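Q: The structure's right below; bear with me while I get my questions together.
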Ligand code: C2O
Ligand code: CU
């Protein structure tokens, strides 16, 4: 619905520009009519074009009203405050001044319609009150189109004023020229229009000047968008969310890395002690066979796609040694969803330097949560994950893990670069996998979607099932779901599914192909089951049983942040494209949320754009409080990667209990790569690491 309104608004605005441009152009050329007949013909055309403009304008008003009532002020404020008022003025002026004069032209009587205009007719046709309003529609529509492509929400008045100022300059030049001409028509009894050649020359000059301005602005914007060779993660402007703290403290932290400040390097896991489990992951390039059969270059951990599954028990001390054999861009290990101490978080440029070929790095942490997680490189992650640097990570609950589930397995979905969609092991996973399962076996499937920009669909056919956990957190009192429930696991989210194996087969359909998936049966054979005809999509906000929590919607929050996700057509690091902004900005200009340890933090996330964004906060789990104004009514829903669709609004909360500098970014990694990324920073904490070409650190 929102995406539709959003698209229609673009259409209405473009049409308004086109019709306004044509009407204004015709109005300016009325005096060049060689006869009364031609003059009247042009006037009629102006009437038609103006009516079309009014229709498009009415469309824009209707859309703004719909967006306002259905989605609220945050979604409509730029339209209502910035786009519509200038347009309204131009349209009204056309109705009040332009149209009556057009009517007068149409009423002009001349003996012979083919005779050239006389002085009175010239005066009427060159009347500035007729021409200016129509021309103004063009300019105000262009400004509206600009605000559409480069929105400034929450409204930044200074930026908005700059655009409106440019609009004013263009209109002033136009008014000046029209007035000049009408003056000379009035002064000279025998005024005759310029010759054709001169007019064309003037027109060309005008277009050239316009182009010069556009190209100049283009080049300027492109240059200022270039990222510096080196910069700190903490470049963004501090947002204290209404809590205490001073911009000064932030400034201090950034510029001096001051003595009193704590470096992220010190926020490690236990440095002493014999680990309960050791893993070694070696990053290396490898040719693998893709699902289409051809060999493609992949980047692997231990030569495998996905990397080895890391299993551990809650409470264990884990030590992972990362070695980089030959991945030139460098690698790291980020434990997605595991809230480890900051120094173990594996973000190049924030918590460590990228591990370059020939180097190694050791991570040590205690596995404190239980559940389903995954790991991936957080150096050049958009490329690294697509090339294969990821794997599953499972923390078992020692009380029940080994005994409770007869079958406990992860299902990772991924799309390898130049290969396509796959699940399970090896990039060329087959269409259908068979699993032998005896009736009565408790089964736990851990669904992990590691893909970019895909909500991967899973349908469980042949048995009632439960969603036991989301993003590594157990749900309270999950209830049975029937086979026509489809799970859509967001990019980088996880759902744990449980069921008891019945006498008859169970089919887990994965993705869009009805035959693709895993078939559980007594003999380990058979054909995939048919999918149900009607499907309902699983909604975590109403599933399971409520539970009393330490905080909720009516808590008193120490910090309240507003995160507005949006589209923007502009430059990032010198290249132009459709970009995705946070509060109207791209990294490193995105805000940095500042908190103190112990703060209770609420964030309202709003997606005004036309595509979805799975927002991932490192180091913390967010309790989802409400979705589109409705409070979550089922089990507590803790998330680390929250799918925020176009037009959606979420309120989430977390306790600031894990000091550090934490990334908060869209996990469509291609979005993060072009600036949809920001940070949560604890006051008094600094990082000695830098980003940029000089340091080799490129987290996204
Ligand atoms: Cu899965 Cu910032 O990462
Ligand atoms: Cu995104």
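Positions of Cβ are set from backbone N, Cα and C atoms, glycine also.
TrEMBL entries are annotated by machine, without manual review.
For 6-24, 45-68, 80-99, 136-154, 160-179, 200-220, the entry in TrEMBL reads transmembrane segment. If you look up TrEMBL, you'll see 290-399, 577-681 marked as domain 'Plastocyanin-like'.
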Q: Between 45-68, 136-154, 160-179, 200-220, who has the most Cβ pairs under 8 Å to the transmembrane segment (80-99)?
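A: Ranking 45-68, 136-154, 160-179, 200-220 by Cβ pairs under 8 Å to the transmembrane segment (80-99) puts 136-154 first.
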Q: Could you check whether the transmembrane segment (136-154) packs against the transmembrane segment (200-220) - three or more CB pairs closer than 8 Å, residues at least 6 apart in sequence?
A: no
Q: Mind checking how the domain 'Plastocyanin-like' (290-399) divides into helix, strand and coil residues in DSSP?
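A: Helix/strand/coil tally for the domain 'Plastocyanin-like' (290-399): 10 helix, 50 strand, 50 coil.
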Q: State the non-local partners of the transmembrane segment (160-179) in its own chain: residues 6+ outside its ends, Cβ under 8 Å from one of its Cβ atoms.
A: 28, 82, 86, 128, 131-132, 135-136, 139-140, 142-143, 146-147, 152
